[in-house]
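Undergrad: One structure, as structure tokens, below. Some questions next.
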């Protein structure tokens with residue numbers, strides 16, 4: 001295999017990246033134990049899922065680095081996991097507002113701004129949508145569909161790949177890879193759009209719970225895991241990344257993407273531990289703000 005033929009600097013790099021992956025896993029396990037003990041049960045599983053995104057991507061990248069033939073399976077595993085995490089992040093924002101009923105009471109006469117990225121950031125003429133049970137349902141459906149359909153499409157890709165019909169880097173219109181990738185891309189945009197709409201509404205309310213750094217970490221994972229990997233793969237396919245025997249251009253591009261992801265996900269794991277470990281006070285119920293002025297006007 002390629003890893004057995006590495007020179008001394010290459011072995012040192014592989015060992016360092018593997019150690020970073022192991023440290024990220026240990027940091028996550030320690031954080032999961034803390035969350036399990038300190039966080040209320042209603043939020044516990046959601047926060048653990050979100051914190052697991054970076055260590056899981058780092059682990060799959062490390063396996064793909066050591067076993068190059070498993071790259072397709074490791075990338076698909078990371079993709080399925082992160083599809084679920086996107087839905088969990090939306091649900092976390094609703095939970096941090098006190099749940100769906102409390103969110104509807106807080107924003108009783110409010111409206112969602114749907115002219116936001118990544119789908120409609122340029123469509124400023126779009127009308128605002130009132131915050132109701134129905135609009136919340138559509139936002140949750142926007143992320144849930146991604147968590148359901150992406151695993152189905154990935155399973156279809158693996159079936160076609162085992163039959164020799166699916167070639168990952170063959171993006172010709174006659175092949176299924178282009179159409180499946182475009183469909184997954186459209187589903188991804190809709191899911192990210194739903195999360196962005198919700199975040200734009202609750203970011204001021206949840207500022208005390210550091211929702212902005214949490215959203216930034218989530219965005220970094222999206223950009224690094226999807227956009228960065230896609231750009232590197234395109235460069236490799238177009239031979240911009242030169243081959244280095246025994247590695248072809250595509251294999252070398254895959255190695256570069258995996259090694260970058262391991263380092264980046266390690267940093268995100270450590271930063272996530274700092275951001276999510278802080279103790280945050282629960283938000284006051286919306287009635288308190290309305291009752292306080294009355295108490296001042298009519299003292300006992």
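Placed from the backbone N, Cα and C atoms, the Cβ positions cover glycine too.
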Undergrad: Of the ranges 109-129, 256-276, which one does TrEMBL list as transmembrane segment?
TA: 256-276
Undergrad: Considering only Cβ pairs within less than 8 angstroms, which of the stretches 46-67, 73-94, 137-158 has the most against the transmembrane segment (211-236)?
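TA: Most Cβ pairs under 8 Å with the transmembrane segment (211-236) come from 73-94.
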Undergrad: For the transmembrane segment (12-34), which partner among 73-94, 137-158, 178-199, 256-276 gives the most CB pairs under 8 Å?
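TA: The stretch with the most close Cβ contacts to the transmembrane segment (12-34) is 256-276.
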Undergrad: With CB pairs under 8 Å as the measure, which of the listed stretches 46-67, 73-94, 137-158, 178-199 comes out on top against the transmembrane segment (256-276)?
TA: 46-67
